[in-house]
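Peer 1: Please find one structure pasted underneath; my questions will follow.
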Ligand code: G6P
Ligand code: MG
């Protein structure tokens, strides 16, 4: 029986990819190279430092560890300037309704995100109270596709991994869910998320009853 739903944040609950994109693009431009929307796809679900490594690889630029830390901090300050302006109307269609449906049906909820800004984002969106547990980039050490973030979520909710369903928009996130022994609903394109048990374009396209059938 399904007991819990675990949600990725960026790309599932809210579209922050556009803000990450602007901030990374600005950093690339300061270093003298172009960063495109296609490049941005490679950063979805990838931690901040790993994203910076990909960005530097795209630009063919080498930086010291200290320089990298400064660059990542600068990118995050720019990103935060957008995040701090976010309003609840930026919640993706169906997300709040789905979370409400979970609550009504006694299904536990957790956030499972790589972002160190997850708490700030949830607060801006007024969604914090919808989650029984929040696991994010501040309390995980291994990035997706490692299952750590979701296993910690199941542990915090006190439910077996086999009773959890994960909602993910990134390929690495789908892999993390599967290797955690959980079911996975892909949010996005079936061609990219082919390892998921089912794929929909958004949380507005799925009902809790469809999830319960996954078991
Ligand atoms: C999510 C996003 C990534 C982002 C990562 C870290 O996984 O999909 O694009 O790089 O979180 O976010 P942070 O807010 O900690 O920089
Ligand atoms: Mg995501």
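Every residue gets a Cβ built from N, Cα and C, even glycine.
Taken from TrEMBL, the feature active site, nucleophile covers 8. Per TrEMBL, the feature active site, proton donor/acceptor maps to 10. The annotation substrate binding site is assigned in TrEMBL to 8-10, 24, 43-48, 51, 75, 113-117, 144. Sequence annotations record features per position, and here TrEMBL assigns Mg(2+) binding site to 8, 10, 168, 169.
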Peer 1: For ligand 1, which among the recorded positions 10, 24, 168 have a CB under 6 Å from it?
Peer 2: 10
Peer 1: Suppose we draw a 10 Å sphere around the Cβ of residue 116 (substrate binding site). How many other Cβ atoms does it contain, all chains included?
Peer 2: 15
Peer 1: Given the binding-site residues 24, 48, 169, return the subset with CB under 6 A from an atom of ligand 2, ordered by sequence, or none if empty.
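Peer 2: Checking each Cβ against ligand 2, the ones under 6 Å are 169.
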Peer 1: Near the Cβ of residue 10 (active site, proton donor/acceptor), how many other Cβ atoms are there if near means within 10 Å?
Peer 2: 23
Peer 1: Which ones in the same chain are close to residue 113 (substrate binding site), with CB under 8 Å and 6+ residues apart in sequence?
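Peer 2: Residue 113 (substrate binding site) has long-range Cβ partners 8, 9, 10, 135, 136, 137, 149.
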Peer 1: Quick check: which same-chain residues outside 8, 10, 168, 169 lie with their CB within 8 A of the centre of the Mg(2+) site CB atoms?
Peer 2: 7, 9, 11, 12, 44, 45, 113, 167, 170, 173, 187
Peer 1: What is the separation, in Å, between the Cα atoms of residue 24 (substrate binding site) and residue 168 (Mg(2+) binding site)?
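Peer 2: If we compare the Cα positions of residue 24 (substrate binding site) and residue 168 (Mg(2+) binding site), the gap is 22 Å.
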Peer 1: For the binding-site residues listed here, 24, 48, 168, 169, which shows the highest count of neighbouring CB atoms within 10 A?
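Peer 2: Ranked by Cβ atoms within 10 Å, first place goes to 168.
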Peer 1: Roughly how many angstrom lie between the C-alpha atoms of residue 116 (substrate binding site) and residue 168 (Mg(2+) binding site)?
Peer 2: 17
Peer 1: With every protein chain in view, how many other Cβ atoms are within 10 Å of the Cβ of residue 45 (substrate binding site)?
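Peer 2: There are 26 such Cβ atoms around residue 45 (substrate binding site).
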Peer 1: How many whole Å apart are the CA atoms of residue 168 (Mg(2+) binding site) and residue 48 (substrate binding site)?
Peer 2: 18
Peer 1: For the C-alpha pair, I'd like the distance in angstrom between residue 169 (Mg(2+) binding site) and residue 45 (substrate binding site), rounded off.
Peer 2: 8
Peer 1: If you draw a 10 Å sphere around the Cβ of the residue listed as 'active site, nucleophile', how many other Cβ atoms fall inside it, taking every protein chain shown into account?
Peer 2: 28
